[in-house]
Amino acid sequence: MFQTLYSYFWWERLWLPANLTWADLEDRDGRVYAKASDLYITLPLAFLFLVVRHLFETYVATPLAGLLNVKEKVRLKATPNAVLEKFYAATSKHPKQADVELLSKKSGCSVRQVERWFRRRRNQDRPSLLKKFREASWRFTFYLIAFIAGMAVIVDKPWFYDLREVWKGYPIQSVLPSQYWYYMIELSFYWSLLFSIASDVKRKDFKEQIIHHVATIILISFSWFANYVRAGTLIMALHDSSDYLLESAKMFNYAGWRNTCNNIFIIFAAVFIITRLVILPFWIMHCTMVYPLDLYPAFFGYYFFNFMMVVLQSLHIFWAYLIIRMAQKFITGKVVEDERSDREETDNSEEEEEVAKNGPLSNGHPVLNNNHRKTD
């Protein structure tokens, strides 16, 4: 049964145009072609990326955070409470009003104290500013190096200037060593992002990030299998062109350099919209959807590749919406922050109200003149 599934999976009509077989893509006369077995190396490379990332964040990003004076906000810790902790861990981090009232009775705390406890407990679980800075530093470094390397790989190729050259001679197109390593490194990096996504900073677009990573891995892998390498290198370089700008803006934001962050963000927004909403759909996707049909009839690989491109483009539209919202806040003079971030909750307004009623507070409790705490 396994052999039957294997045969169906590698059926030439799924991957290659009509009248072509895998034998046509065997290495010969010093010409090397893309092979599925080449991608085995990406899994060990992905784990190597995780090791390099750990070393980078420890010995480069952390000292850099100190130099840029990345400061943590002082977080008030939730008082240990077994009843509330059990509900928090097993039921919900955001209890409904009915749950709050029930927990108030069980724990012996007032409703206000229960609400405050959950706010502080959620804040304790939120990633620290240093963790966010280290993560952004790592991605900035990779995306910048990848963009420079990608441009070096494609800038001297004829298909960089004439997209019809992408399909000249397809699929009998040999692969250069620079293209091989560009593919292997990019794919390995996205595998590493997928492996670490559970421990990375979680944002509001967590599900979209998973879809993006999976779609990217499938797209890069499939484009290698079907020898869409020329189109693949253009697509990867196009994506890297804006990603490092976003990560650098985050780094300066975490360091408190708001003006620098805002300026970089505006540049990022412009580059993102031009590359992802103009060049990608109207040049690159036009190249992958229209030009191949001049050479051969559409086949499964053609439809699958372009379907994954549409998935990525849909995610770009979603993120462009978030970026435009952030740009509007910048234009109107509001503080620009990542729309995908889970904002830290505060109870300052509540405590100010308590101050007005009961005097100064200590860790959320009113302090009386005799220095004894008053219970709510």
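Every residue gets a Cβ built from N, Cα and C, even glycine.
Pulled from TrEMBL, these are the features on record:
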TRANSMEM  39-56  transmembrane segment
DOMAIN    67-128  domain 'Homeobox'
DNA_BIND  69-129  DNA-binding region
DOMAIN    131-332  domain 'TLC'
TRANSMEM  140-160  transmembrane segment
TRANSMEM  180-198  transmembrane segment
TRANSMEM  264-284  transmembrane segment
TRANSMEM  304-324  transmembrane segment
REGION    337-376  region 'Disordered'
COMPBIAS  344-354  compositional bias 'Acidic residues'
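Helix, strand and coil counts under DSSP for the domain 'Homeobox' (67-128) come to 36 helix, 0 strand, 26 coil. Between the transmembrane segment (180-198) and the stretches 39-56, 140-160, 304-324, the greatest number of Cβ pairs separated by less than 8 Å involves 39-56.
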